[in-house]
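To keep things clear, I will list the structure first and then write my remarks on it.
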């Protein structure tokens, strides 16, 4: 959606559809219910990760906010829903805006001022900020793992927060500045692709460097004839880096799949290959991604998976059902044993009577 205010444009990653109010109301209720379940899974995911610490504190400082920032995205979505249902009413019709970007002036919302649109613009900024926080945040984590591999001699025992704080400040500066540049149309749709085009190759190179470096360390640790001495903390650091790679590989695959589906959907909508209604599915690939990413993270680490089964509602229900089945099976076995004992006693009694 693009808003034209005099000679300035505001670019929002928001869509408004040509749909009846009743349909929008029902759809919004379904979306809100889905977001509530998603929020529960995400909160449980963060709780388990913080409770059972499997990685270095610096990695936690960088990674946990990437999960938690989903709530920022949903705040932006809730603001959009409020405008769609006219709970927040700017005093004029917003119209239909399905395309993510357009150069056609007739397809832009023309207004004289931002009065009544302040929250909508803020919600759009939150969504832009979320997207670029993920992009630059993943690169920051990759850099942190490179540092952990290079400084393997004493990184595990290092308690200073300089590295994660520095990476957080840099990534947030880039995220906020890029989001504002897109929001106020200081860059076009082509330049908007540069952050992920640049970050993805660098993250991939960091991934392969960390993988090769730590696999080499692992082979050296297992070699009984090695000359280099690895302390317990260094051996732990190598194992941690490899665990992080395994987890990161699965998460990146899931996230890239969601991004690819969103990209394909947006392209199909831009060229009118699919009906506008499908845009609901396309944008919810982004809003509902914790269903896949959080469960992938939890089930990639056995300790987290076991804890999830213990504390989650689904896990408790399955546990109660399993205990009930086991109890019923035990009762059946007990009854069967008792019946067999009775039949055996009766048999021997009849056998004894036949000898009389």
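Glycine residues also receive a Cβ, built from the backbone N, Cα and C atoms like all the rest.
Feature list (source: Swiss-Prot):
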TRANSMEM  29-49  transmembrane segment
TRANSMEM  61-81  transmembrane segment
TRANSMEM  119-139  transmembrane segment
TRANSMEM  161-181  transmembrane segment
TRANSMEM  190-210  transmembrane segment
TRANSMEM  251-271  transmembrane segment
TRANSMEM  281-301  transmembrane segment
Tally Cβ pairs under 8 Å between the transmembrane segment (161-181) and each listed stretch (29-49, 61-81, 119-139, 190-210, 281-301), then give the stretch with the top tally.
119-139
Residues of the parent chain within Cβ reach of the transmembrane segment (119-139), under 8 Å, 6 or more residues beyond its termini:
1, 3, 10-14, 62, 65-66, 69-70, 72-73, 75-80, 82-83, 88, 90, 170-172, 174-176, 178-180, 182-183, 195-196, 199, 202-203, 206, 252, 255, 286
Applying the under-8 angstroms CB criterion, which one of 61-81, 190-210, 281-301 scores highest with the transmembrane segment (29-49)?
281-301
Intrachain neighbours beyond the transmembrane segment (61-81), with Cβ under 8 angstroms and 6 or more residues off its ends:
14, 28, 31-32, 35, 38-39, 42, 45-46, 49-50, 55, 88, 119-120, 122-127, 129-130, 133-134, 137-138, 140-141, 144, 161, 164-165, 167-168, 286-287, 289-290, 293-294
Quickly jot the same-chain residues contacting the transmembrane segment (190-210) by Cβ under 8 Å, restricted to those at least six beyond its ends, or write none.
132, 135-136, 138-139, 142-143, 145-146, 148-149, 174, 178, 182, 241, 245, 248-249
